[in-house]
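Presented below is the structure to which this report refers.
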Amino acid sequence: MAGSAQPPTAAGGDVPDGGSLAGDGEAFGDRSLSQGLSVLVGLALCVTMLGLGCAVELGQLGQQLRRPVGLLLALLGQFVAMPLLAFLLALIFALDEVAAVAVLLCGCCPGGNLSNLMSVLVDGDMNLSIIMTASSTLLALFLMPLCLWIYSRHWINTALVQLLPLGAVSLTLGSTLLPIGLGVLIRYRHPRAADLLVKISLWSLLVTLVILFILTGTMLGPDLLAHIPASVYAIAVLMPLAGYALGYGLATVFKMPPHCRRTVSLETGCQNVQLCTAILKLTFPPELIGGMYMFPLLYALFQSAEAGLFVLVYKVYGRDGYKQDTLGEEEDTDISYKKLKEEEVGDTSYGTVTTEEHNSVQMEPTQTAL
């Protein structure tokens, strides 16, 4: 990596990939819209975390903590499988330090709210989905900086990694506790308002991503996508797909039922891109991170598209199997119910005197008297 020996410079004439992106980053930092974009990213993150808190019920949380399968799956999926996957992809595609940090940061992020929406569409376990998202978000306070520190050692001799703002990352993560706590309180006091806020946060996710694409493209210019290396596009495609596969395999190892496997799969592959975008935008100097600010947005695009294909395949091929399983359970219930009713009818008829039986009973004593 020729560009790894020196920090990315604004001129970027001789530096491949990362240098050219840093040049765009300087223009990015000089634009007046950058301030407004920072505010938008911060607000989007607050709304997302508020919606996440509103989705958590204290009773279910306590139940999951007593049997912490969701917590364990969130730990293994988000802070073991995904960071390792991001690190390996960065090595395989020989990324420079700028792209590697952006990929690692996205891989170390907790689960995102998109997985909750997709879990509904594939008839998943919503309690498990919400608990995994909330657990990974809380675990990220400690494990995300740790994972970044561990996996960035390969690029430790570069200026960007030496300036990796782990303290600022921790501060950004800590600031998410306030909206999450507020959401939990709203759920406890006003359940109906909490349901509305959850829907608002899910829709804001989609709207925010569209706005970020438009504003970032406007500020960085029409040639932005051309400056991003093809290897970064490949990782943005492969990383969520591999995450879905790893999550499904992890749930299979735990011998979970099919609807829980689908849930864990989506929870593992869907990352909190709002948090990744906020950390890149708010903690790294734009002249250093450059156009790699776009990586979480690319990841969001492909993780949404691949999750949509997941849902489509399930609706076309897997839905019938799900219905048959459900109908099978209902038929068993009906058969049991019918048998129970027959037994009840038999029990009721036992000892019952009909009109004919009543006459015969009356006749027998008369014949005996004669």
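Each residue's number is its place along the chain shown, starting with 1.
Just so it is clear, glycine is given a Cβ too, placed from its N, Cα and C backbone atoms.
Those TrEMBL annotations? Automatic predictions, nothing curated.
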Range annotated as transmembrane segment - as stated in TrEMBL, picked from 99-118, 279-298: 99-118
TrEMBL annotation (region 'Disordered') - matching range among 317-343, 344-370: 344-370
Range from 37-59, 99-118, 130-151, 232-254 with most C-beta pairs under 8 A to the transmembrane segment (163-188): 37-59
Which of 71-93, 99-118, 130-151 contacts the transmembrane segment (37-59) most, counting Cβ pairs under 8 Å: 130-151
Long-range neighbours of the transmembrane segment (99-118), counting only residues six or more past its ends (CB under 8 A): 17-18, 21, 48, 51-52, 55, 74, 77-79, 82-83, 85-87, 89-90, 124, 126, 129-130, 132-133, 136-137, 139-140, 143-144, 147-148, 151-152, 154-155, 160-161, 164, 201-202, 205, 229, 231-232, 235, 239, 263, 266-276, 279-280, 289, 292-293, 295-296, 299-300, 303-304, 307, 310-311
Chain residues in Cβ proximity to the transmembrane segment (232-254) (below 8 Å; excluding those fewer than six residues from its ends, i.e. six or more beyond): 69, 73, 76-77, 81-82, 85-86, 89-90, 93, 95, 99, 102-103, 106-107, 260-271, 292, 295, 298-299, 301-303, 306-307, 310
